[in-house]
Amino acid sequence: MRLAVGALLVCAVLGLCLAVPDKTVRWCAVSEHEATKCQSFRDHMKSVIPSDGPSVACVKKASYLDCIRAIAANEADAVTLDAGLVYDAYLAPNNLKPVVAEFYGSKEDPQTFYYAVAVVKKDSGFQMNQLRGKKSCHTGLGRSAGWNIPIGLLYCDLPEPRKPLEKAVANFFSGSCAPCADGTDFPQLCQLCPGCGCSTLNQYFGYSGAFKCLKDGAGDVAFVKHSTIFENLANKADRDQYELLCLDNTRKPVDEYKDCHLAQVPSHTVVARSMGGKEDLIWELLNQAQEHFGKDKSKEFQLFSSPHGKDLLFKDSAHGFLKVPPRMDAKMYLGYEYVTAIRNLREGTCPEATTDECKPVKWCALSHHERLKCDEWSVNSVGKIECVSAETTEDCIAKIMNGEADAMSLDGGFVYIAGKCGLVPVLAENYNKNDNCEDTPEAGYFAVAVVKKSASDLTWDNLKGKKSCHTAVGRTAGWNIPMGLLYNKINHCRFDEFFSEGCAPGSKKDSSLCKLCMGSGPNLCEPNNKEGYYGYTGAFRCLVEKGDVAFVKHQTVPQNTGGKNPDPWAKNLNEKDYELLCLDGTRKPVKEYANCHLARAPNHAVVTRKDKEACVHKILRQQQHLFGSNVTDCSGNFCLFRSETKDLLFRDDTVCLAKLHDRNTYEKYLGEEYVKAVGNLRKCSTSSLLEACTFRRP
């Protein structure tokens with residue numbers, strides 16, 4: 001009996017122990033000096049953190065690669081890496097992700113990235129694709145901004161054989177200064193700086209040295225970071241004598257580096273396992289650590305100081321930590337250009353082909369129905385179009401960002417998110433016939449609030465407590481415009497409390513704004529066609545069957561009434577049974593949308609990466625000539641702007657895809673008023689992708 005009781009007591013104690021979460025972060029150190037600092041870090045954290053708070057344990061390995069492998073094997077939890085090693089950590093089988101970033105500069109203006117740029121003199125007259133035979137200035141062999149990124153991006157232009165790499169680079173440029181290169185084996189790499197010294201004794205070494213090489217006239221182009229020219233030329237008039245080379249073979253002033261750079265390079269980053277990686281615990285630990293032992297916090301122990309070495313555990317120049325948004329994996333964190341450059345150097349692979357030999361455009365499709373239409377398009381395009389699938393629009397945008405997909409057509413709200421993620425609009429959907437459709441992008445369509453005529457007492461001013469129907473969270477007519485106007489009235493983001501219930505696909509599943517949705521099981525309230533109330537037609541159907549008000553485009557009611565939509569729920573509907581809510585509190589017939597709307601919305605637009613812009617433009621214009629609105633019989637032929645259900649890949653009422661001319665950034669395309677309205681609504685954003693992208697491009 002005593003044994004049984006004892007066993008029960010032991011089990012109870014063990015059970016209690018097992019129930020206590022492991023709050024230890026095992027930090028990986030790569031030298032004796034790092035291990036010593038890690039132990040000091042551990043001991044000082046013990047003195048300031050409660051016993052139930054996070055703690056540090058130290059694991060010593062021989063190298064950063066060993067640390068990466070140890071974390072992947074759950075033998076350690078965290079280590080700080082530079083960008084190149086973050087790439088290694090991300091690769092299978094390691095599958096690590098960035099969780100905390102070091103920042104530099106000030107707390108008010110934290111810098112977590114720098115931009116690698118190509119600087120030239122203003123009067124030199126050549127572009128990025130004309131660098132062959134020019135003289136080049138590099139910060140140093142093997143360094144990110146000065147070598148790895150530019151040479152990685154130029155890799156496929158280098159003369160073959162491309163190994164050894166130094167020889168190929170020497171044969172590409174007519175002369176170079178690449179400090180740290182072997183001047184005996186590759187004399188051309190040291191032609192502009194005799195000796196190729198690997199220290200500041202070489203006047204052309206490092207960022208400032210590479211710029212001096214350009215400034216002195218020794219070289220034609222300097223590969224440096226964006227701040228180099230500002231650090232070396234205080235006078236704006238002097239800076240104006242220089243320009244940046246852009247990847248699209250244009251030039252920009254040196255202060256426009258955010259839109260004209262070779263790659264965005266992240267600061268040193270703490271990585272952890274993608275699954276079960278303790279990322280919240282690591283952040284809790286480091287956030288408390290910077291509060292107690294950050295810059296100018298403590299004399300006993302300093303997190304960003306290395307008395308017995310340099311950059312131990314963390315960079316000495318760091319000012320603090322920022323939490324990396326959860327949506328951001330390593331590929332997104334590093335960025336497409338950086339990953340492309342490093343992959344080219346490591347694997348000997350080549351980036352996008354030139355415009356004259358465009359690779360197929362990989363179109364991103366949402367849902368089963370879109371994929372079916374895309375596959376049909378792919379077959380008819382004879383290899384010009386390939387198809388990639390994703391569950392949500394944001395997943396598609398992420399795939400385009402990292403090169404897994406190339407293009408898709410988006411509502412204005414998602415054009416905004418895509419723009420914040422570095423994508424660009426390339427063609428606009430036009431919805432009205434005119435003689436010059438492809439050359440004249442339209443001003444936009446109208447966002448309207450539709451109600452049943454029978455609900456005669458309902459106005460814009462008494463929507464509180466009513467049942468609402470939205471195209472999806474983040475979309476223009478269905479969310480951004482009406483919720484932006486509503487936010488200005490109620491000054492808070494609790495829209496699920498303002499309406500009694502609704503269907504706004506993309507809302508949290510337990511929200512009242514999912515209660516009216518009709519999707520079954522996991523498809524309920526999903527922002528794709530698996531949710532029956534998704535999109536313009538879906539939101540109108542929601543109004544017909546359950547809701548009080550639907551936020552849609554001005555064409556939605558006419559397109560789904562009078563027998564134009566043969567679906568059972570719509571075939572007997574009449575346009576006259578619906579009215580529009582006007583912002584002045586009145587109502588008008590559906591036909592009077594020009595005088596009764598919430599706002600003018602930008603037309604849907606095709607977006608892509610900057611490097612694919614020319615190819616997407618070229619191929620889509622070819623495709624619409626083959627399969628656009630000039631095809632009259634869609635029963636036996638593929639039609640780009642027709643769908644088995646509704647608005648698949650493009651809006652069904654699209655007449656053509658039009659050139660944007662100078663409206664080729666998301667700000668210019670959407671217009672200042674719309675960008676400002678969506679910017680205000682960002683306070684209410686639940687977009688994890690937008691959070692991740694603004695981390696990269698604040």
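Glycine residues also receive a Cβ, built from the backbone N, Cα and C atoms like all the rest.
Annotated signal peptide per Swiss-Prot: 1-19, in sequence order, evidence recorded as similarity to another entry.
The average pLDDT computed over the domain 'Transferrin-like 1' (25-347) stands at 94. Summarising the annotation, Swiss-Prot assigns domain 'Transferrin-like 1' to 25-347 and lists sequence analysis as the type of evidence.
Counting only same-chain residues six or more apart in sequence, the Cβ atoms lying under 8 angstroms from the Cβ of CYS28 (disulfide bond) belong to VAL59, LYS60, LYS61, CYS67, ALA70, ILE71, ALA76, ASP77, ALA78, VAL79. What Swiss-Prot lists as disulfide bond is CYS28-CYS67 (among others).
Annotated disulfide bond per Swiss-Prot: CYS38-CYS58 (among others), in sequence order, evidence recorded as sequence analysis. In the three-state DSSP reading, CYS58 (disulfide bond) counts as strand.
Feature annotation from Swiss-Prot assigns dimethylated arginine to ARG42; the stated evidence is similarity to another entry. Classification of ARG42 (dimethylated arginine) by DSSP places it within a helix. With a cut-off of 8 Å between CB atoms and residues at least 6 apart in sequence, the same chain places TRP27, SER55, VAL56, ALA57, CYS58 near ARG42 (dimethylated arginine), listed in sequence order.
Mapped onto three states, the DSSP output places SER51 (O-linked glycosylation site) in coil. Swiss-Prot lists SER51 with the feature O-linked glycosylation site.
For CYS213 (disulfide bond), the same-chain residues 6+ apart in sequence whose C-beta sits under 8 angstroms from its C-beta are CYS137, CYS177, LEU192, CYS193, TYR204, GLY219, ALA222. In three-state terms derived from DSSP, CYS213 (disulfide bond) belongs to a helical segment. Residues or ranges marked as disulfide bond by Swiss-Prot on the basis of sequence analysis: CYS137-CYS213 (among others).
Spatially close to THR139 (hydrogencarbonate 1 binding site) yet at least six residues away along the chain are ALA145, GLY146, TRP147, PRO179, PHE205, GLY206, TYR207, GLY209, ALA210, PHE223, VAL224, judged by Cβ distances under 8 angstroms. Marked as hydrogencarbonate 1 binding site by Swiss-Prot on the basis of sequence analysis: THR139, ARG143, ALA145, GLY146.
Sequence annotations record features per position, and here Swiss-Prot assigns disulfide bond to CYS180-CYS196 (among others) based on sequence analysis. According to DSSP, CYS180 (disulfide bond) sits in a coil region rather than a helix or strand.
The disulfide bond annotation in Swiss-Prot covers CYS190-CYS198 (among others). Cβ neighbour count for CYS190 (disulfide bond): 23 (other Cβ atoms within 10 Å of its Cβ, all protein chains included).
If you look up Swiss-Prot, you'll see CYS246-CYS260 (among others) marked as disulfide bond. In the three-state DSSP assignment, the secondary structure recorded for CYS260 (disulfide bond) is coil.
Here Swiss-Prot flags 361-683 as domain 'Transferrin-like 2', drawing on sequence analysis.
Here CYS374 (disulfide bond) comes close to TRP363, ALA365, ILE385, CYS387, LEU649: these same-chain residues lie at least six apart in sequence, with C-beta atoms under 8 angstroms from its C-beta. Residues annotated as disulfide bond in Swiss-Prot, with sequence analysis given as evidence: CYS374-CYS387 (among others).
Annotation note: TYR536 (Fe(3+) 2 binding site) sits in a helical segment as assigned by DSSP. Per Swiss-Prot, the feature Fe(3+) 2 binding site maps to ASP411, TYR445, TYR536, HIS604; the stated evidence is sequence analysis.
Within 10 Å of the C-beta of CYS693 (disulfide bond) there are 26 other C-beta atoms, taking all protein chains into account. Under the heading disulfide bond, Swiss-Prot lists CYS421-CYS693 (among others), citing sequence analysis as support.
Sequence annotations record features per position, and here Swiss-Prot assigns disulfide bond to CYS469-CYS542 (among others) based on sequence analysis. Counting Cβ atoms from all protein chains shown, CYS542 (disulfide bond) has 29 others lying within 10 Å of its own Cβ.
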Shortest C-alpha distance to CYS246 (disulfide bond) - which of the binding-site residues ARG143, ASP411, ARG475, GLY478: ARG143
List, in sequence order, the residues of the same chain other than ASP411, TYR445, TYR536, HIS604 whose Cβ lies within 8 Å of the centroid of the Cβ atoms of the recorded Fe(3+) 2 site. GLY412, GLU429, THR471, ARG475, THR476, ALA477, LYS553, ALA601, ASN603, ARG651
Going by DSSP, is HIS604 (Fe(3+) 2 binding site) sitting in a helix, a strand, or coil? coil
Are any of CYS38, CYS421, ARG475, CYS503, HIS604, ASN630 (the recorded positions) within 10 Å of CYS639 (disulfide bond) when you go C-alpha to C-alpha, and if so which? ASN630
Neighbour count, 10 Å Cβ-Cβ cut-off, for CYS180 (disulfide bond): what number do you get? 21
Give me the sequence-ordered set of same-chain residues, not including THR139, ARG143, ALA145, GLY146, with a C-beta within 8 angstroms of the centroid of the hydrogencarbonate 1 site's C-beta atoms. ALA116, HIS138, GLY140, SER144, TRP147, ASN148, GLY206, TYR207, ALA210, PHE223, VAL224, LYS225
